[in-house]
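K.L.:
Here you go, one structure.
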Amino acid sequence: MNATVLIPAAGVGSRFGAEIPKQYTVLAGKTVLAHTVDIFRTNPRISQIAVVVSPDDAFIDELNLPAHICRAGGDSRAESVRNGLNHLLKNGLVSPDTPVLVHDAARCCLPAAALERLLDAADAPHGALLALPVADTLKRQDTHACAETTLSRDGLWQAQTPQLFPAALLQRALNGSLDGITDESSAVERLGLRPRLITGDSRNLKLTRPDDALLAEALLRLHP
Ligand code: CTP
Ligand code: MG
């Protein structure tokens, strides 16, 4: 397999609250983005890594990452992914049937075994994604943030990344309104297709709020 990894890294990290975008925060001796790229660089089934950054990104150049840098980030994650993918296709860096793995820059602790499970599912007809069955009890709140009802968690999964689709399918899925599209699978589902759910890993957390840094750093120090 000759898969391409597409890493959206054009966010500002508002919830994380650092002075610079969270993908450039240093954890365990390296930037978050460098850790994320390192997850993929020696995998024999991955032939190319592309990183999408914002057009006015001031940090990416000095990192010297072993990746193709695409300065085409958009206003939303989905737009950044769409722009990056269109750039890769237009420039012949991927062909329509190339498997593309989209992975959040902010998920810097993805364990190798979870990545292998997803790559093993590359033949799934409608693509595949890492996800975890919901473990906690789910509450719906009333207007005062009090628990009104308890929802069944039967059959519910939390989506993670990477998410894996043939380039042409992903391009078709992202073509159109991106309202409510928070991951690639949701765009593919909108076409009436059903991406396969592959068991992810609780260590594959997304650096979102300041507290997440503590856990991510501990995980990175365990398995640098
Ligand atoms: N992302 C992107 N382009 C955007 C927004 C997000 O490429 N316009 C990327 C982020 O850099 C991140 C991933 O998508 O790697 C997941 O998004 P999220 O965790 O929401 O990151 P931010 O949008 O940066 O954070 P926040 O929502 O707190 O501002
Ligand atoms: Mg965001």
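Cβ atoms here come from the backbone N, Cα and C positions, even for glycine.
Please treat TrEMBL annotations as automatic predictions, because they have not gone through curation.
Sharing the features that TrEMBL gives for it:
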SITE      R15  site 'Transition state stabilizer'
SITE      K22  site 'Transition state stabilizer'
SITE      R153  site 'Positions MEP for the nucleophilic attack'
SITE      K206  site 'Positions MEP for the nucleophilic attack'
K.L.:
Rounded to an integer, what is the Cα-Cα distance in Å between R153 (site 'Positions MEP for the nucleophilic attack') and K206 (site 'Positions MEP for the nucleophilic attack')?
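P.N.:
Computed Cα spacing between R153 (site 'Positions MEP for the nucleophilic attack') and K206 (site 'Positions MEP for the nucleophilic attack') is 21 Å.
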K.L.:
To which of the recorded sites R15, K22 does the lowest count of other Cβ atoms within 10 Å belong?
P.N.:
R15
K.L.:
Among R153, K206, the recorded sites in question, whose Cβ has the most other Cβ atoms within 10 Å in this structure?
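P.N.:
When each Cβ's neighbours within 10 Å are tallied, K206 leads.
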K.L.:
Cα-Cα separation of K22 (site 'Transition state stabilizer') and K206 (site 'Positions MEP for the nucleophilic attack'), in Å?
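P.N.:
So the Cα of K206 (site 'Positions MEP for the nucleophilic attack') lies 11 Å away from that of K22 (site 'Transition state stabilizer').
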K.L.:
Round to the nearest Å and give the CA-to-CA distance linking R15 (site 'Transition state stabilizer') with K206 (site 'Positions MEP for the nucleophilic attack').
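P.N.:
The separation of the Cα atoms works out to 12 Å.
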